[in-house]
Amino acid sequence: MTTRINVLFSFLFITIFLNIFSINQARQHKNPSSSSSSSSSLPSSSSSSPSSFLVLALTKSSVSLPTPNSQIQERIKKPLESSIGAVMEPLREVRDGYLITLNIGTPPQSVQVYMDTGSDLTWVPCGNLSFDCIDCYDFKNNNLKSSSTFSPLHSSSSFRASCASSYCVEIHSSDNAFDPCAIAGCSVGMLLKSTCLRPCPTFAYTYGEGGLVSGILTRDILKTQTREVPRFSFGCVASTYHEPIGIAGFGRGLLSLPSQLGFVQKGFSHCFLPFKFVNNPNISSPLILGDSLLSGNLTNSLQFTPMLNTPMYPNSYYLGLESITIGTNVTATQVPLTLKQFDSQGNGGMLIDSGTTYTHLPDPLYSQILTSLQSTITYPRATETESRTGFDLCYKVPCPNNNLTSLENDATMMFPSITFHFLNNAALILPQGNSFYAMSAPSDGSVVKCLLFRNMEDGDYGPAGVFGSFQQQNVKVVYDLEKERIGFQVMDCVTEAVSHGLSKVREQQQKSSIF
């Protein structure tokens, strides 16, 4: 309760502060014209023939692996209400996420933002002087901060969205009590009376347990090598609370990046490189949007599970988990019904989220998984590491010659496999590196590895569990939005990156070191 009260006061402070600041920020934008901002349809592409799909490059970069006991912890986001295309700048990892570079404005300004399948809004750090992240001292001390901002004054094509825009309706249509429209007692219906030429009110957008951004809905040109969105809608944010870097929303809503690029009825896929490629400028994870990823010869090798739909959170991606198998056990560990269905309020299901690092499972399932692993693994426990990091299961593993590469290739040193069984008989056996991970460089012929799963707290509200990005490494994940299903295929994402021209060095996998 104390945490929620503190967050409440923080939200109120920032909303009031940013409402005052937005008066000055609005002067940086040109006045919207009714002809350019009142359309409710998706933005059209440029006059050139659009590609049937896009290939985007994701790069992974992180200062350190976040641990439960560290001050920098992830927050699970709980939702509130033709030919190969462009290759965009790499995504890099901050707070263990994947970043993509957006080229916005005239002339284009490059801004790095998170790729986030758990939200819709795309927003960028915005301001002619600086971008301020309130209560982000821990992030700044660890170099987790935005490396670029967008300046509307330096773009001749930037203008503020009007309240007649369908995107303005979308950003103000949630039950967010901190939204300026709600604070002013102004409903969405009141905003949309005939031809409304007023600018879209300042918005407030919340993320999970404490993150908040407030800013101005802005329209400008988004450019890729093969596609152009002339009136791309995004949040121009000058200050945030606990959100140091912009976000590109990949949800199913109108505001999401796939939606505005014209791919919301098709789909996208990603193949996340392993964590050892952090900060590697020579290779990037492939992110593909459009038709090509859904061709029959490519989908035949995937195992698909249906997306679960809840009217409470219609723009998020949910899966149904039936059971989990540890090692060669014949009997799978059954999961609670809440992981494969929703209650009357829309809570439950398993959220698949690129913005949450580790997979979270509710008790008693989480405790059962720990017990099953402990009964199978014979390595000595590393209890000191468990106390220091907050991870619940760590082991001291022999590492001859302190060589982690040879350890990874030694079948006798493998941990028990972990298999997720989703609805429709879709089984995903996690790659070895997706369950236990080395906490530091080997020393004295051994290395400590910890299970990178977490207990799902407060599972009664929002998703009952989360399938995180760390468990999605070296897995091709396909979001088939037309058929409302998600497919999985374990693969070497280095090979996938090379096939799409996203590796500068073909032998990168052999040459990369883990530390």
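Every residue, even glycine, has its Cβ placed from backbone N, Cα and C.
Every protein chain considered, the tally of other Cβ atoms within 10 Å of the Cβ of Asp116 (active site) stands at 26. The active site annotation in TrEMBL covers Asp116 (among others).
Here TrEMBL flags Asp353 (among others) as active site.
Feature annotation from TrEMBL assigns domain 'Peptidase A1' to 98-489. Looking at the domain 'Peptidase A1' (98-489) alone, the prediction's average pLDDT is 85.
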Field: Between Asp353 (active site) and Asp116 (active site): CA-CA distance (Å)
entry: 7
